[in-house]
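Working notes for the structure below.
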């Protein structure tokens, strides 16, 4: 067995994709994850790399990510199959030193490419690296059922949607005080939706793609998963509340402010006033 299969990052990706599939967020080949790795984390596994790595040109240059390593889910791959055959469904790649291409060093044993949303991932990685001082290393996308459902019946506006989720569960303001960003519906797998997502990622660690899914970012796979899981739980609660006739009482603005003070977080101001 290849040593890389027992690495923390392959095992972590197996767990994340399995958990997300069991949640019902990643049907068929839905969803994608990218994890930025440090050179010293990858170095011990070089003996498992391809002797002649395949080079692929990027659709959009990413000089900010030059020489960076990423573990990414493959395009058209099913999350439910990652744990069965990680080498076929994942890919370890390194961006070229000019940021114009990447080389596939491991994975995709049956051929193929990284996720079709790679441009969106890379653009979001660049922004989240900047705003987090390099601590954010994960971009995660999935089709979270209740968040998608709410996008059909709620105003697609950052502040009001954030306020709805904050009121759905007390923990939400603490977990994502920066709120949720929303982009217009766009064709997936394009540079355009990647640009729009990255713009929202500058202010928000969660970005909703209406009628499609959610993007989340964080320092670790657990953090990104937990962020989405928390927002999705609140969305599920709100879907049930709406189905029962709507709210008769809720968490007030004053209570949200008190909550933020207790946990020393700075809440999105516009959402407090929504």
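Just so it is clear, glycine is given a Cβ too, placed from its N, Cα and C backbone atoms.
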- Note on the structure: Listed alongside 141, 143 for Zn(2+) in Swiss-Prot, from 22, 212, is 212
- Note on the structure: residue 141 (Zn(2+) binding site) and residue 117 (active site), compared by Cα position, are separated in whole Å by 9
- Task: Tally every other Cβ atom lying within 10 Å of the Cβ atom of residue 141 (Zn(2+) binding site).
- Result: 30
- The number of other Cβ atoms within 10 Å of the Cβ of residue 212 (Zn(2+) binding site), counted over all protein chains shown, is 18
